[in-house]
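Straight from Swiss-Prot, the features:
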- His38: active site, proton donor (ACT_SITE)
- 31-38, 150-153, Val179, 187-190: ATP binding site (BINDING)
- Gln62: beta-alanine binding site (BINDING)
- Gln62, Gln156: (R)-pantoate binding site (BINDING)
Amino acid sequence: MIQTLTDLSALRALVNGWKREGLRVALVPTMGNLHAGHYSLVMLARQYADRVVSSVFVNPTQFGPNEDFARYPRTPEADLRGLEDAGCDALWLPDVDTMYPLGTALATPIHAPGVSDVLEGECRPGHFDGVCTVVARLFNQVQPDVAAFGKKDYQQLAVIRQMVADLAFPIEILGGSIVREADGLAMSSRNQYLSAEDRPISSTIRKVLLQMRDSYAAGTPRAQVEDAASHTLEQAGFRVDYAVVRLPDLSEPGDSHAGARVALIAARLGNTRLIDNLEF
């Protein structure tokens, strides 16, 4: 049966006990309102560790002033059942005082330069500082050997990898594949914000990503690929933050089309902001 912990000393005692037995420990950090994508990360982590801890903490420092912190969905009972079914061993439920003992205003910030400052970093200033700050604290609290993050948040994964490399965290970072609805929409806790009218339109993002891949692979200039993608999304009713092709490190590619690329989209449909990506 899954253990639920709200006390840091109890969490550390549990993890230290596992490690004394020679067991590898994985962490799957979440903000709750879990879905099949999150549970797939638990199952991925299980392949690389003997015990899996998942955390649920809606982190106030990664939400902007006009974002959805107050209304972010919280579904604790369903989360617990789903995590247990997925094979999670322990659920860590810190409160704000545990996570930020000096308060959020005095929290020591962590900034990952470069990769944090483009795309999502431009659209949501300070977002990745909040992500890095809370993830570093979770790493310190849980002391995992492995941690799993979803590739849907492609840039977040890149930011965390950079932070881990720079700060020498002895943690292996796993990237879990995007889990999609039947029509191709990437699973997200925010999908439930979509209206009944907008939900069928939302899968357009996946179709546009595939078009971007195919057009770019056929030799179409990058700027033309990006402009066409934005136009298609706008025609469908989206307000586009970005639709771009980048190198895997999120820098802008030159004129050559050789090598790995990733197409990334962020766009609003109604009141819902959706992000997705496609590696190719």
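Including glycine, each Cβ sits where the backbone N, Cα and C put it.
Cβ packing within 10 Å was compared across the binding-site residues Gln62, Gln156, Ser189, and the lowest neighbour count falls to Ser189. Listed in sequence order, the recorded positions from His38, Gln62, Gln156 having a Cα within 10 Å of the Cα of Val179 (ATP binding site) are His38.
Taking Cα separation as the measure, Gln156 ((R)-pantoate binding site) is nearest to Gln62 of the recorded positions Met31, Leu34, His38, Gln62, Ser189. Local packing around the binding-site residues Met31, Leu34, Val179 was summarised as the count of other Cβ atoms within 10 Å of each Cβ; on this measure the leading residue is Leu34.
The two recorded residues, Ser189 (ATP binding site) and His38 (active site, proton donor), show a Cα separation of 10 Å. Mapped onto three states, the DSSP output places His38 (active site, proton donor) in helix. Taking Cβ-Cβ distances under 8 Å and a sequence separation of 6 or more, the neighbours of Lys151 (ATP binding site) in its chain are Leu157, Gly175, Gly176, Ser177, Ile178, Asn277, Glu279. DSSP assigns Met31 (ATP binding site) to coil in the three-state reduction, outside any helix or strand.
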